[in-house]
């Protein structure tokens, strides 16, 4: 590591993942060396109509592209790697990740035609990587709801900055991949300048149960089920999938896998040795109907009630290959992400109506545990690391705040805890930290192939259109005398049933005509003025009649 | 009660409130006598864009208007009385309700100009009302999150039908209005043919805590808070409001009331004697700033994070009268209704950012308890009533199903339990019940002043518009030779940033022109065909370029 220059500073900030859940991206910079931790995506808020995904604004990184030494990935979840294809298109830098993480990334880069040009560097928990002349990263194994997750320790001339990634402490992990308490303690013993730690479950008291507890419940359900068992869970939850495989094996059932992302992850995880699948356990969906019902497990996507997912299609009897049969046991091994409760509820109802017995998290069934540590685990991490400065990350503002209180409760000084928003820079120089302004940060909306071509005006229009629809008013005026030659014709979409509202639209027509005629008689003939007047008078009339405010688009043309 | 005619039957069905939460409406019919229990509204599902409220389709009632003897209300919540103004506009029948329920109804009818023409009949838990020649209703007091709630026992020639309304068993009720266990037991002892019972919390094990437990928590928080206390709760939760008043009084604070519905309910409940407010306790909002911070309680609406509510405005610092100050304690005394979690979360975050200490349900704070009974209470009701037939009501399908299992667990025969959807008729004749077809049922959407003028086509268009916006293509053709005289002009809304997408729109223009020119050269000149071709070719081009499918509205005109 190069010698410390007293004018240089350490900067820590987030481009995504604080005061929000998702699109995680953290930046650690010392002098001319920048390391980026994670590059996630986020699903749109309910007011981002028509948007597919949201990624961080990376202007800061592209403006400093010659300083970016690499992107270090903590694990393979979408909110940590899903933004990579978009980031790498603008910033061709090396990507560091563990085996499973890179396996998932490669799939993504292939789809985006970026695989060839991206330098991918495999790390494990024992790796040490030099990033430019001043930064070095080491790693420590953690537990999370996907294998091969790590935390990162970035050694800087100012001291060590630890980023936990997502984590829990699972003392009986499914794959024997224990969290490396010894290394964490060692890092803590050497001294941690700043800790960035996962706040997702900071509001939950106690300890998060071990993933293994789910396995016991699955064994029990599988052995009691008299007919087929259907399990929906997150495709990326390889531990959960392993436990489904185990329970199937233990109870003499075969497993079929339904849903694109589930097939994809099972393939990658098996190839890389993260899933142990006994020979002959997996069967094709087509074989299911030939088997006795009590010999079958269907493992599928759709635990969030996503409209196009495998389980949702089965629940609606629109799946090409699998029908739900009366007496089937359906396990939804996940909790609904906030915002998805209604979708999940609808799927459960539809499954019940088909005669299935549905086991889901609301019924306190033990078929799901979180991948994030609760309050006692967060305190354990704080006490292992004993940081001087603490920056809660990964969570809505209230969760960061709760995590800050936990930090105080274990002895971190109140003034050494930084509650940050995206872009807020925490600067550390000569061991002293302070908030030091903001770098450019924000969101980039992705809609279809468009990256960033939809912004506030387009969203505002979509919102307006979604509420009360649109009226297009077409009228042709004579160039000679300004008289109406044809129209006004009114075409509406999303406003009212036209057939039932003829009277209303006829009257609207008359209002447009008389507005224009009045303006003509007053010799007002600037187009902008004509349009504004038509909009105003028609809008006022429609609001009085209907209490609705559709968008009004006047199209006025002139002919000879 | 008239003598039983052996050809007559008893019919029980729901027009709203089963397999859903909200718009409760139940119908009990014997021969030519119909009684309706409740007339609620529901808030729109997320795919009902632009819709304000949803009410039941009451075609069956209007078609049998001469048989409808009245509408009996169980309590004054919107999902039980909110549909009344729309129903009464089409069906002028007497309305029966307890004092507070009718108080809230009158306010509604006044706004709808229906107060004069509506016969309102005050009942209490001891009332007996004759409904036509064959039906009689008696009542029993229940506990719920609004005072003056009752269950109904409809005596019919076939036997007694009991409808519980919403209920819990609160053994230490705030206002001393105990649930009438004796009368319920008496009804049970006389024999219950069919029980319709509230399933809202059928998935929750155990007992729902007493409302009084919230009072103790409030006392504690109020006395410890060093500055102002802000409490947001449902306006209709008069018990909760009483407890806020009590806690304020006990801790020497004055109360100001913010939010239209809160002011309204406090007014009605005080006038009718359901709220005891010590003289001088309530102050005007304008007086707040003159008081010492630790002498003030602000009671307001907005516990669901509703965008226009008092608390949300305060959280955004856009309220006209009240600002949140650092050090204020804000209590959100409610749980988010499914679908509102994100709004509530955002409000909490904004309050924290203003420096308030926010106490909310996620933090296990005891500031809210449910108004609905949990599993043990539902079993208690079943055991008090000992019904022959059981119809779970008030809940999504999975809740009704859970409630059915509870019914079986206490001894109701499996085949005597009816899981129904709206419109499904349970018919009972000579003591034997069976499902007997469906009556017309469904939803009526209310958008502004329009009742039922928005249906599937309009909603589909709104959905389309909300996803990718609209392109209006205007082109004028010559009547003589079919050549393009002016245009094509393309106007887009909600599609892309026009300024950044000039190239795309220019190319779109060329595609429209060449499509039309090709058709003209082939002598295709039916307008429908021209329009379809423009739509198809332009739609295909835009999808290829953007992966979006905006609505395309071609407007083709002819001139001499």
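In case you wondered, yes, glycine gets a Cβ from its N, Cα and C as well.
Copied over from TrEMBL, here are the features:
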ACT_SITE  B:198  active site, proton donor
ACT_SITE  B:372  active site, proton acceptor
BINDING   B:50, B:52, B:447  Ca(2+) binding site
BINDING   B:75, B:77, B:80, B:144, B:166, B:394  Zn(2+) 1 binding site
BINDING   B:79  Zn(2+) 2 binding site
BINDING   B:235, B:236, B:237, B:368, B:369, B:370, B:371, B:372  substrate binding site
DOMAIN    B:22-218  domain 'Metallo-beta-lactamase'
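A map of TrEMBL features onto the structure.
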| residue | record | Cβ contacts under 8 Å, 6 or more apart |
| --- | --- | --- |
| B:75 | Zn(2+) 1 binding site | B:98, B:101, B:144, B:146, B:148, B:149, B:150, B:165, B:166 |
| B:77 | Zn(2+) 1 binding site | B:40, B:146, B:166, B:236 |
| B:79 | Zn(2+) 2 binding site | B:17, B:21, B:22, B:23, B:24, B:40, B:41, B:42 |
| B:80 | Zn(2+) 1 binding site | B:24, B:38, B:39, B:40, B:73, B:74, B:165, B:166 |
| B:198 | active site, proton donor | B:164, B:165, B:166, B:167, B:372, B:373, B:378, B:393, B:394, B:395 |
| B:235 | substrate binding site | B:259, B:261, B:262, B:264, B:265, B:266, B:301 |
| B:368 | substrate binding site | B:214, B:233, B:332, B:333, B:334, B:335, B:361 |
| B:369 | substrate binding site | B:208, B:209, B:210, B:211, B:213, B:214 |
| B:370 | substrate binding site | B:145, B:168, B:200, B:201, B:204, B:208, B:335 |
Within reach of chain A, those binding-site residues of B:50, B:75, B:79, B:447, CB-CB under 8 Å: B:50, B:447
Cα-nearest neighbour of residue B:371 (substrate binding site) within the listed binding-site residues, B:50, B:52, B:447: B:52
C-alpha spacing of residue B:237 (substrate binding site) relative to residue B:52 (Ca(2+) binding site), in angstrom: 23
The residue listed as 'active site, proton donor' in three-state DSSP notation: strand
Three-class DSSP secondary structure - residue B:166 (Zn(2+) 1 binding site): coil
Cβ neighbours of residue B:50 (Ca(2+) binding site) where a neighbour is any other Cβ within 10 Å: 25
Residue B:50 (Ca(2+) binding site) to residue B:237 (substrate binding site) - Cα separation in whole Å: 28
DSSP three-state assignment (helix, strand or coil) for residue B:370 (substrate binding site): coil
Cβ neighbour count (within 10 Å, all chains shown) around residue B:144 (Zn(2+) 1 binding site): 30
Between residue B:237 (substrate binding site) and residue B:447 (Ca(2+) binding site): CA-CA distance (Å): 27
Average model confidence [pLDDT] within the domain 'Metallo-beta-lactamase' (B:22-218): 96
Which of B:372, B:394, the listed recorded positions, has fewest other Cβ atoms within 10 Å: B:372
